[in-house]
Amino acid sequence: MKEKYLFVPPKPKFTNKVIDKKELKKLMAWAFSNYGTGRASFMADKIKDLGFHYATKAGLSLSVEDLRVPPIKRDLLLQANREIQQTEQLYERGEITTIERFQKVIDTWNNTSEQLKDEVIKYFKQNDPLNPIYIMAFSGARGNISQVRQLVGMRGLMADPQGQIIDLPIKSNFREGLTVTEYLISSYGARKGLVDTALRTADSGYLTRRLVDVAQDIIIREIDCGTQRGIVLRDMVDNNQILVSLKNRLIGRVLFETLYLPNDASVIGHINQDLDHDITNSIIKCGIKSVIVRSPLTCEAPRSVCQFCYGWNLAHGSLVDLGEAVGIIAAQSIGEPGTQLTMRTFHTGGVFTGELAEQIRAPFNGIIRYPKNLKIRIIRTRHGNEGVILDENYKLNILNQRGEKTRLEFKQGTTLFISDNEEFKKGQIIGETKSRSTLVTEKATRDLVTETSGEVIYTNLNIENKIDRQGNSTLITNKGGLLWILKGDVYNIPYNTDIQLKIGDKIAKDTIISTFKTISEYNGIVRLNEKNEEIQILTDFISLENAEIEYNELDVNIECPINLRFEDGKILNLLCVPGNKITNSQVIGEYIEDNYKTTTGGIIKYKNYAELKKEKNKKGYEINDNEVIYWIPEETHEINKDLSLLLIKNNTLINSGTEIIKDVYCLNSGYVEIIQEDEIVKEVIIKPGIIYDSSELNTKRNIGTICDIKEVISTSTENKQIFLDVIGEKLFLRPVESYNIKMSHINLKTKRLTNLEDILNLKVVNRSLYKDGEKIKSVYGLDLVKTYLIVNFNSNKPYASADIEFAPIENSTKYKLNLTITESIQLNYDIFGAINNEDVKTSLVIKDGQRIKKEDLIAETHLVARNKGILKNILISSQSTKKLLIMREEDTFRVPTNNATIQVSRGDLVKYGDQLAGSVIASESGQVFEITKNEIILRKAYPYLVSAGAILQIKDHELVQRNDTLAILVFERSKTGDIVQGLPRIEEILEARKPKEPCKLSQKPGKINTTNSNDETEVIQLIDTDGYTTDYIINNNQKLIISNGENVLLAEPLTDGAPNPHEMLNLYFNFYTSIITLYESAKLSLQKVQTYLVDEVQKVYQSQNVDISDKHIEVIVRQMTSKVKVEDGGDTTLLPGELVELQQIENINEAMMLTKGVPATYCPILLGITKASLNTDSFISAASFQETTRVLTEAAIEGKADWLRGLKENVIIGRLIPAGTGFNAYNEQHKSSKSMKLTGIPDTYYLSSSLEVEDSKLSTIIEDNNLEQYNSIDSFDNIEKENPNN
């Protein structure tokens, strides 16, 4: 550490102030900068001891009693409640919209909370200056004003999880305690805080990683780069507030030029002098507003920054050392406070909050006078009051109570809330200036919902019917007006119901209003269940009379099937139980007989297979009477064991009872066929039959067919059929069993009910489940054909189904089988909607067991009146509903006239507070219904103010229910999407992202002239200095932030929104190229954008009160703006689209000038930090960051070399890093090895091949950059310089 003992340190001054945190900081900074670290830390230790000593002696402690709530709080809350009550009254009179009411409520509570905060401070200062809480918060020891406000003021407004502010404030503080409601609202904010912190930590960490990657190779490598450029520093101002003062920006910088006193030209600071506190103070005292200093942005040291351009190392308060890794320090300085930045702020849903507009308060009690020639526009303020906007700058006269004039200056665009000759009180808000900032507004909508049911009446509404391209029409208000809801009880009635009443009828409670009739769609017999919820109609019925079911509900199980026993003794197994649904052709029962049972497995063949195929369905083939089935027996054993375990051989004859494998025996004699797979025996098949040599038999039949044995063996006398097969080369004759199928004679006696639909039938069928030629693998036998009892439907309904019923037989334990078809009719209790459920009554007009015909009436559902009243309106709309409105007694109110002259007539709409007769005023809003001698009867009504441009959702005289949407109000609010706060905004700037909705930028300097506009767009003209005009089309979703006749600079925003930095860079570059050289215009345009980026990042951090030195941001921005994009390579070897360092391409172009070649053209580009990291010279660094495969592949294809200039590359391959002591080590090594002075040699790597360069000279240029950066491959301008360290 450098201790400064070259001069006598100044003696301490006596600071006659209360030493709080701020003063303590100053004291420590003074000690540190004048006496060095050792003494400063000793002094800090002593101050700490002093503090603890006296805190102990004073017994400073915190108690609940120290939380003093200022008594004025009660009055402030009363005043706020009064204001809100007035707002509510205005809303009830229909003088402000729901949005204006919300905005006013929010602003009222915000202002109250702020006033209370000020009162808390004032109260502590005046009454209890030694209060421990006050001492702690205001000395900077612990806590801040916002926490103190929550403890003893009021907690204020909170936001819900969507970020919308809840208009119910927390009026209590933590000292008084919160109510349950307040506690719940309060917990929203707490949860949001936790979630935000968790997200911030991750985002901030990733930001730091990207910053480190982009700046890691920036090291202080030389003392002075000799640059001819500097940057101008002045106060950083935003919204007329100084964010960072010039004084703070100057400390630790190096002067670019000698600075003289404005009065007597004596020197304040010399060129290349670093600015300490004293010099900075003297600069500020002289009134100098801007100073040119050296900056990393303008440093010309290649791939590094020089000592002078960087300035102080802020940790030491002296010039930065050579070899300091300033890139890493910059990255950490920007990344570390990231966690302190908020992610997103709350938005009010209003136009803009008080912070974005500066309020003008009256300096005294008085009156205002407007001049006659005042150019103003009358507007409606965000609170629904009338205000005026000044179109020019004016000095207006305000008079105090003594008549003395004072002139106040108001800027153009100021909104004034008071009219000509209006009186005002001291401290009253008389106007506000909208801060000229990049405040983006967007059109937002809010539903206007009715708080009561009733009839809609339009008054003063100017409506336009707009039809879009799809032909949909929308009603839009051109001018604001009132929507009245005349109160009444509205009933929604379906279109298919009858209304029993007419308009004007007087109605008692429970009068039937409307009836819905339920009609039968079927003939049949009615069946009702106990609850009468569902009516069933029996449409068909069949009963099996000659069979009985043996059935006991208690012991029904799968093993013991239910039997259906016929009178002739035949038994069917029933395959269904009561409650089952039966579809067409479904099996009900299965007949048990052994006529068609085989003894073993085999192959099945049908005689008339072509006929059977027609009868096939999902449940198998229906077998007709006298059909013949052929059966070729074979015994199949599934083995799945190793071949070595088999006890028999393939194609050998075995007798029945032979052991196949252990404990498995064959049941039949025959030839063996073994089916195996990979030494595993899958199956063993035993086929009975006789083998013949094919030469002995002369058969013309094909293998695999059935034929008479005589056709094959002419000598045979047997009359039987065989199946032709082969074993190896030999013919194998297999026996065939034939089954002649006969229909089972099961007699079905059925009984039906008359006059029902004839749908159901019972039928007995034979079915086989096997295909022709199917091989059935089995050892034991199976049934080839089964006899089934099935149900047949004579109906074309595909979804028809029948129910199974077991009907008990009288005086018996047995049952009869019944099949029924029933249709359900559901009674529609919700026909009048869920809202009317309590007023719906249903009555049945049928009985259980009654026979009914199609279109007979089954039930009537009545909607009855909830209250007595008068039927005022019946509305039949096209949307399949009818509505009617009943005016009840509670929907009217009476006002006695006290014999005064009546000032209203029947049908008039009266607002709350309006005069009715003499001094009689309306206690509620309403419509005059009837006027008698002594009183006026009014029907309650509610006026709603609808602003211009609103979309109406209902028509005039329509009937609405409570909570129906009347209109969609369109309003402007500050855009939350684009005022991205905190971390996301920092990321957006540093990644050089294009904003979603960028503002329009002026393409040249000039004067603005606003011209014609229509609904969709506005056209403005920019007249430049040469008189040329440029037209800009502004969409209606963008707002102009400049006024007519205003002068604008190049790339200045014309509309609201964030500028696109890429567009800004292009505008500057295109403008400068027409005036100066390509290199200079690239430098200048980049410098403009650099300044913008630095300021933008600072604004975000300053808004959260985080101080970061400019130089850190400048180091990062330098890396983002160091490259250009080649447009045309000229005679160089550069390719179009290639990204090259600006300095490097300029060196190449200079070399081209010497060889009279065509230089390359290029344009500057702005890279985001991620892109800049990936485009770094070192592929090792880029690959270790992101997209490893792509980076390494491209580097390999291009044959890139990594010069190991940065820290990261050296760390990765395990070398000493070229920073700190490593920097000096490499320097020493370089000094000893450097024996010859390098001469200026052009860079052949980039020049065209026509230029010849000696290899020996080139090899001396391409040295390890860790030795010294002057010999880098593309630093021509420094090649002739001596190393300043030599």
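Even glycines carry a Cβ here, placed using N, Cα and C.
Since this is a predicted model, take the numbers as computed values, not measurements.
The Zn(2+) site recorded in Swiss-Prot includes CYS299, CYS306, CYS309, and the single candidate from CYS225, CYS576 that the record places there is CYS225.
Over all protein chains present, the Cβ of CYS299 (Zn(2+) binding site) has 24 other Cβ atoms lying within 10 Å. Reduced to three states, the DSSP call for CYS306 (Zn(2+) binding site) is strand. Cβ neighbour counts within 10 Å, taken over all protein chains shown, single out CYS309 as the most crowded of the binding-site residues CYS225, CYS306, CYS309. A Cβ within 8 Å of the Cβ centre of CYS225, CYS299, CYS306, CYS309, the residues given for Zn(2+), is found for these other residues of the same chain: GLU222, ASP224, THR227, ARG294, PRO296, THR298, GLU300, ALA301, SER304, VAL305, GLN307, PHE308, TYR310. Look at CYS225 (Zn(2+) binding site): DSSP puts it in coil.
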